[in-house]
Amino acid sequence: MSEVPFLKYHGTGNDFAVVEADEAVSDRAAFAIALCADLDADGVLFLDLDEGDPPVVEMALFQPDGSTAAMCGNGARVAARWGSERTGADEIRLETGAGPRHTRIHEDWSVTVEMGSLSFDPDDVPVDADEPMIETELAGYPITAVDTGVPHAVAFVEDVEDVDVATDAPPIRHADVFPEGANATFASQSERGFDQRTFERGIEGETQSCGTGAVAVAAVATRLGTIVPGESTVVSPPGGDLTVTVREDWTATLRGPTAFEFSDTAPRDPGTQVGETR
Ligand SMILES: N[C@@H](CCC[C@H](N)C(=O)O)C(=O)O
């Protein structure tokens, strides 16, 4: 049976397998479902490198349920690092489903991603409403909906450690008001910024880290006047610390670490059993 080489990375505990886009994987969704289950990973990044100046990496994220996501903050850092490892460049342009994203790779392999324009507009998130959803009561939480490349429903609470995410997040993630669903992100103020926990669409569970979620936390904190535009804030999901800056024009940057773990191979056609005669 034919095998596909992959590299395993994580960004603050958000786990990704990286596969070269020109690998002949006929059913990427089925491949991602099988490999994520095998590795207990949060997604497979299919990456395509164009060695221009700056180099361009086209990123496609397939999630453990086979769905795709337009953007992924932690995946973007991993993709930028992968491009840098191949080219030596310290700036990589990413092509994502949410648009182009400029990235800068630092000497310690942390990566800064320009996250594009954040929006509370109901058409952008999207939210089935006429007005932006700002601290609207939903499933017992004051929800603010924001698009950070993917939709996030953000609730500020007294202490995120007290939230029963597995129970409380699904009614928010699947609420009718979100026609495309939403990632459910909970946050509370900490000494250095914010603590964050996110239940992710496509994974259908809580992850160690969510980069677009960290940006969503800072965006909502800015909108609610808790922090000032232009000032960097530390957002801490369980997997580590991320630094987010939301500017006055509602563009934002996300900086955080990346880590390479190992390389391996996976069955090209996971539907094919070992020893099966074709
Ligand atoms: N973990 C990601 C977000 C991935 C996309 C999300 N699950 C969705 O379907 O919207 C991140 O780091 O941003």
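Placed from the backbone N, Cα and C atoms, the Cβ positions cover glycine too.
According to TrEMBL, the feature substrate binding site maps to N14, Q63, G73, N74, N183, E200, R201, G211, T212. Per TrEMBL, the feature active site, proton donor maps to C72. According to TrEMBL, the active site, proton acceptor annotation covers C210. The region 'Disordered' annotation in TrEMBL covers 255-278.
Taking every protein chain shown into account, C72, C210 are the active-site residues, and of these the Cβ with the most other Cβ atoms within 10 Å belongs to C210. Look at the Cβ of each of the binding-site residues N14, N183, T212 and count the other Cβ atoms within 10 Å; the largest number goes with T212. Under the DSSP three-state reduction, R201 (substrate binding site) is assigned to coil, being neither helix nor strand. Proximity note: of the listed recorded positions (N183, R201, C210, T212), C210, T212 have a CA within 10 Å of the CA of the residue listed as 'active site, proton donor', given in sequence order. When the Cα atoms are compared, C210 (active site, proton acceptor) and N14 (substrate binding site) turn out to be 7 Å apart.
The full span of the recorded substrate binding residues, N14, Q63, G73, N74, N183, E200, R201, G211, T212, taken as their largest Cα to Cα distance, is 15 Å. Cβ atoms within 8 Å of the centroid of the Cβ atoms of N14, Q63, G73, N74, N183, E200, R201, G211, T212 (the substrate site) belong to the same-chain residues D42, A69, C72, G75, V150, T198, I203, T207, S209, C210, G213, site residues excluded.
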